[in-house]
Amino acid sequence: MTPEYFLRSLLMMILAVFSANASNWLYLAKLSSVGSISEEETCEKLKGPIQRQVQMCKRNLEVMDSVRRGAQLAIEECQYQFRNRRWNCSTLDTLPVFGKVVTQGTREAAFVYAISSAGVAFAVTRACSSGDLEKCGCDRTVHGVSPQGFQWSGCSDNILYGVAFSQSFVDVRERSKGGSSSRALMNLHNNEAGRKAILNNMRVECKCHGVSGSCEVKTCWKAMPTFRKVGNVLKEKFDGATEVEQKKIGSTKVLVPKNSQFKPHTDEDLVYLDSSPDFCDHDLKNGVLGTTGRQCNKTSKAIDGCELMCCGRGFHTEEVEIVERCSCKFHWCCFVKCKQCHKVVEMHTCR
């Protein structure tokens, strides 16, 4: 494959990413690298309707690989968090990558938008701290001595830069259209909730200095939570998401709980407009793979149990042989040696 052909192919894929759906940029996760976007002329060829994205590309060529990594993080975390649910974040080789699931105003779409905006903020911030980007570095506003008496030092994660870039890049489609439709307001709210899942869970990491670890001096820095922590927080918000509707207060359109008996949602909560399908049956047109063939837990009464996972269709049971580590022993010094044991277990899959 010639460099020219590769570049043309890459441009066609990225052009598709910036069309139609606001979450189509997630398709960048399926590209091995976007390093070929290294000249402003390349960005000019992105003839998508959102010119501000083209301008961002031109001004931030080096950041695009972090956007790709953010998309990968988002998809991987979504698949982990929903691994035991009927909808398990399966991706398609088409646009949008989650199918039409994200084009509906469901709570699943709310999670996808939140984890995606968080993924970009996280990946860009990590690139800043790693010294991979010229435009940003560590957070130099964190310095001096803290009220607790330790010295701020090291490389504090520049989360504000990552959040600002995520806002500019991820929110651009909704904001370019005025951001006043019900769906635009929903997307913008969930995008921000995703970023707040990082901001509100920043932690302080420290290192002791002194003779024999006496900690005569302690230096600390601010660090982002793990992305697994971010995913856990947003999954909890998904479980307690608020169904909303649009209401006009004065000249401003806002989202309010559809049930007036419910308390107003906060900036950290996820919101949705439409009820979710049951995800039971195969419907590739809408990006729903169904649950036929999915593994289930025979003894569980939760959503991963065979009764709920299989939507009442029943399940198959077969015996399979697995190999696992066993009889592990620690040997001085310093390794663990295990045997391989063969074990026959029952595996249950939905009809």
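From the backbone N, Cα and C atoms, a Cβ is placed for every residue, glycine too.
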Disulphide partner cysteine [Swiss-Prot] for Cys338, chosen from Cys311, Cys328, Cys333, Cys350: Cys328
Of the candidates Cys310, Cys311, Cys326, Cys333, the one sharing a disulfide with Cys280 in Swiss-Prot: Cys311
Candidate set Asn21, Asn297, residue annotated N-linked glycosylation site in Swiss-Prot: Asn297
Whichever of Cys208, Cys220 is disulfide-bonded to Cys215 when Swiss-Prot is consulted: Cys208
Nearest of the recorded positions (Asn88, Cys128, Cys136, Cys208, Cys310) to Cys334 (disulfide bond) - Cα to Cα: Cys208
Distance check against Cys306 (disulfide bond) for the recorded positions Cys138, Asn297, Cys338, Cys350, keeping those with Cα within 10 Å: Asn297, Cys350
In sequence order, the disulfide-bonded residues (Cys215, Cys310, Cys326) whose C-alpha falls within 10 A of Cys280 (disulfide bond): Cys310
Cβ-based isolation winner (fewest other Cβ atoms within 10 Å) among the disulfide-bonded residues Cys220, Cys326: Cys326
Entry from the disulfide-bonded residues list Cys208, Cys310 having the most other CB atoms no farther than 10 A: Cys310
Cys338 (disulfide bond) CB neighbourhood, other CB atoms within 10 A: 11
Spatial neighbour of Cys350 (disulfide bond) that is closest, considering only the disulfide-bonded residues Cys136, Cys215, Cys220, Cys338 and their CA atoms: Cys338
